[in-house]
């Protein structure tokens, strides 16, 4: 945790100067309420004395109130705008520096953390720092100034009354502080649990095919529910603690009111001299002190919550500064002062900084920093010279990929050294790893394509601007140009999100695009880490031919890791790895001549497997592959997706930002339409809380008790003022005692009411949140795979929906319903009390009700909601997506030497976002200030008109106070209730979407018990069997549901007898994976049928059928579980 003032380390000198001005404005604003209380006391004296010139005297005091309101308007406008705008600018710089620092970390640093958590942490931690620098700072200063000014005026106006009034202050401060501490602890538990539940959901929904294939739905639901249970307990405890704390605070406050009114009555009765005025105490003096200290107490109470925000901000800053201030790691160099080199408009690649001649490993030993006890490489030595074709082979875990990582200088050896042209890597190019990486073109086993167009993926990280012909040529050499050209938007086709790397295109297509990207870099050394594993034989041969030609014509050196040993036979040298040791090296001819060698054993094992596969294929041929017209063009897989993908909103490049804007506008339009036309099914809605229905009665009663306290306070204060000016001392004290007892009654009622309200509604709301989230998550997991193909149902959106919609629904049934009921009780009781005193004055005050209500709503909105902080706009959304993709695909980013370019793009977007948020800051400050002015102006109008009625119609003094304060407090309640109208609109939308999801019938429910099981083998369904099964595709037509115009399978006839080994071959995107998807019932055929034994697959129990299938996909998914749990998953 850092010192608070260290949070301002990224503020400019100009910003610091205007922040000082904002501090002065906030302090001046804080004096407004105590000054108002002082003038209020004088106004009461003028009204109570009933002099002949009461209208003139009160008008003068009312004018002072207006002046105070104008001052409050100006001061609050200034400090609110300045703190909000400067906080946004500082947070922007902090985000940029933090992102820079993360990009500069070694790969080893990422090995020790969960990269998937980094984007969220980066956003949330900076947001918390921004909150600690923004509006809350002004709020804290204003409230502290209010407390100091209120106490000062209270002591000046009547120190004896002030001391009595302060009796409750220690209780209030301790209670508020304890509430902050306990709430922070409970909130942390809840947030951690919700984050854990969200991570579970994100993981499962992102890997929904794996979850579905292994029947893991019920397990995922149980994991999710268990995390939510901890959040529910934390939220319920928070509600109880809030109720106890607020009950104690308000109970002590009203008890102090009772004591103050009684003690003030004794001072008036005894004629005690007020040392400030030099005359005996009056009722106006007592009420002026009362309100001054009340404002001071209120200020102290309101100053406590921002302190908690500051503490959280300091803790978050500590984590961020730790990364920023960490010494630049061993390998990576700082990019803080570097500028992007992608400014050249030339289509000619710049000359390489050095020509490669020799690459050497010299007795290299290596262990991964995250697993220092596991030796990965042991004394590995070899030399590679220009133009060589080199291959590394060996079993999984032998160290091949580690060699690649060391070549790219993702790590440094523990001992030994890697040399380039005889120079130690650590000294080459002044020790900058980019000097090494700029010589390489790298294609990994699972290549990553970013969420942008194919063109931008191809040119990502280049330090020149390639021409169209250069891009085409690279793609032709990688055998991908024909495929790209067949797409509707060609090279401008959107690739999809990178959480899997270019999810909109197939694995083979991704590898070809990645190879073209590597070739565009004009590398001197090409690193291929099983880079053609997803290609069909024809494409692999073409790519290999291209690489061989480049070697012959340009001296390209290739270093590859290959699974299929047949692809490395013509290598100049093959290095054989075993358990981290280089055990053999030589040409294929040399190595195959060693019958006892490791390479010979690897080749023999692979040839034996190939022979077995060939035998199986030979046995399959007579089994009637009855149609060759089974697939459509290989571009068909994504032909129709480029337009649909835009609706997801590309977040990486600025040219795609209109997608997100259109989407946001559509969502707003949808919310407006639903809020106007949708009729909430209230019985069904409250039925979701049926198990907790008994808690509604005490909760609502508690809310009503809390709500009527303020109007009753106005009534009792009016009565107290009447008694204070009663010339009969005994009658006065009798009335004062009754009034004090009334305050004691309010104290007891509000204490019990707060406990009942906040604990009861929290109990109801937390159960509802868990129940709704679990039900919705379970319903999502039961949907057919086509549901998840819809861009509107992307994993991130569904996870966000689970969290936000359940909380929004809480507005209608949970804690916020209690607040709404409380404020409604306040408004109704206030209006009744006001009209019972003076219909005329109440009517005039009621005319100001819209202004007062608006003021109250604005006040609540600005105090309870952080405008511009953490708010998602198009630019910040794109920036966050860039950060997310960068940290989760850092190896690809490093290999492309694109760190500076990525940082610059992030900086441009996040700065744009700051400007978008900074402009409205002073506009919102203007309205916040106006809300302050309207409060003072309305009270001034009420007292002026009340004085006029006293003078002309003989209106009673206490009725004047009752009528003015009744409507005033009613307006406060109505205004605060209005602040929740937007929440109610969103809650209606949430209810609509939740019930729409819960009512949606899955086309293939994995948890449905219906359908045949083992009976397809003519045995009892409970029979445990391992019987082989015959599979028949009979005239199957298929197009993906979200691309119905693109035919994938047409008239496919295929019969696979039981016990046979079958292989499906064809070009990338040819429909092979579609056949697998249909076999697993991820989809159903559009026409024709699939039979298992004699049963239609649609009639077989889907869960049972999938349990009979074992699946290993091209890019297998392992969950964030132990190896044992992953092995036993499902």
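Going from the start of the chain as shown, residues are counted 1 onward.
Glycine residues also receive a Cβ, built from the backbone N, Cα and C atoms like all the rest.
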Key: From 669-692, 741-764, 765-788, the residue range that TrEMBL assigns the feature transmembrane segment   = 741-764
Task = May I ask you to indicate which of 798-816, 817-835, 874-892 is given in TrEMBL as transmembrane segment?
result = 817-835
Task = Looking at the candidate ranges 635-663, 693-721, 896-924, report the one that TrEMBL labels transmembrane segment.
result = 693-721
Query = Relative to the transmembrane segment (926-948), which of 16-40, 137-157, 163-184, 693-721, 741-764 accounts for the most Cβ pairs at distances under 8 Å?
reply = 16-40
Key: Average pLDDT across the domain 'ABC transporter' (359-604), rounded to a whole number   = 84
Interface check, the transmembrane segment (16-40) with the transmembrane segment (240-263), three or more C-beta pairs under 8 A = no
Ask   = Taking pairs 6 or more apart in sequence, does the count of Cβ pairs under 8 Å between the transmembrane segment (283-301) and the transmembrane segment (137-157) hit 3 or more?
value = yes
Long-range environment of the transmembrane segment (693-721) - Cβ separation under 8 angstroms, sequence gap at least 6 = 44, 48, 243, 250, 254, 257, 261, 283, 287, 686, 735-736, 738-739, 742-743, 746, 749-750, 752-758, 760-761, 763-764, 818-819, 821-826, 829-830, 832-833, 837, 957-959, 961-962, 965-966, 968-970, 972-973
